[in-house]
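Shown next, in structure tokens, is the structure this report addresses.
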Amino acid sequence: MIGKIPEEGLMIRPIRDGTVIDHIPPGEAFHVLRILGITGTTSECLSVATNVESKVSGCKDIVKISNRELKKEEVDRIALIAPKATINIIRNFRVADKLSVHIPKRLTGVIKCPNPGCISNSDEPIPSKFKVENGTLRCHYCDNVITRDIVSYII
Ligand SMILES: [Zn+2]
């Protein structure tokens with residue numbers, strides 16, 4: 001695929017430079033944006049397509065972010081909610097790099113600890129830290145474990 005224009009990408013306007021996140025489970029596109037810290041108030045130029053027909057999985061979401069190349073660390077966060085996502089880095093309308101996501105071993109400053117007494121929720125400037133184990137997240141400070149609904153704890 002490298003160097004070729006992805007045909008499925010034609011559903012929404014091709015971008016010149018940036019990142020295309022493909023094969024997101026249907027309905028998860030906005031959670032992907034949240035986990036990347038992209039909100040309506042940030043300056044990225046976005047195209048979001050939801051429930052796009054896919055030959056592989058039936059239905060999927062696609063997110064295109066212009067003029068921004070996602071870093072490996074950012075890409076891996078997506079694995080928590082979209083483990084089959086593929087990332088295409090686009091330069092001059094061509095796929096310059098193709099990455100897949102890998103569930104990270106540690107997450108820092110991404111997920112809020114549900115324990116209100118946790119030191120990461122105090123007034124101290126301590127970022128949250130989680131260890132990822134078999135799809136669950138364990139707080140580095142208080143051992144609190146998040147087993148489901150990870151999306152709702154994204155900072
Ligand atoms: Zn904690």
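Backbone N, Cα and C atoms are what each Cβ position is placed from, and that goes for glycine too.
Quantities reported herein were computed from a predicted structural model and do not represent experimental measurements.
Around the Cβ of CYS113 (Zn(2+) binding site), 21 further Cβ atoms fall within 10 Å across all displayed protein chains. In three-state terms derived from DSSP, CYS113 (Zn(2+) binding site) belongs to neither a helical nor a strand segment and is classed as coil. According to TrEMBL, the feature Zn(2+) binding site maps to CYS113, CYS118, CYS139, CYS142.
Residues or ranges marked as domain 'Aspartate carbamoyltransferase regulatory subunit N-terminal' by TrEMBL: 10-102.
Broken down with DSSP, the domain 'Aspartate carbamoyltransferase regulatory subunit C-terminal' (107-151) shows 5 helix, 14 strand, 26 coil. According to TrEMBL, the feature domain 'Aspartate carbamoyltransferase regulatory subunit C-terminal' maps to 107-151.
Long-range Cβ contacts of the domain 'Aspartate carbamoyltransferase regulatory subunit C-terminal' (107-151) within its own chain (Cβ-Cβ under 8 Å, at least 6 residues beyond either end) map to 31, 34-35, 77, 80-81. Other than CYS113, CYS118, CYS139, CYS142, the residues of this chain whose Cβ falls within 8 Å of the Cβ centroid of the Zn(2+) site are, in sequence order, PRO114, ASN115, GLY117, ILE119, SER120, ASN121, SER128, HIS140, TYR141, ASP143, ASN144.
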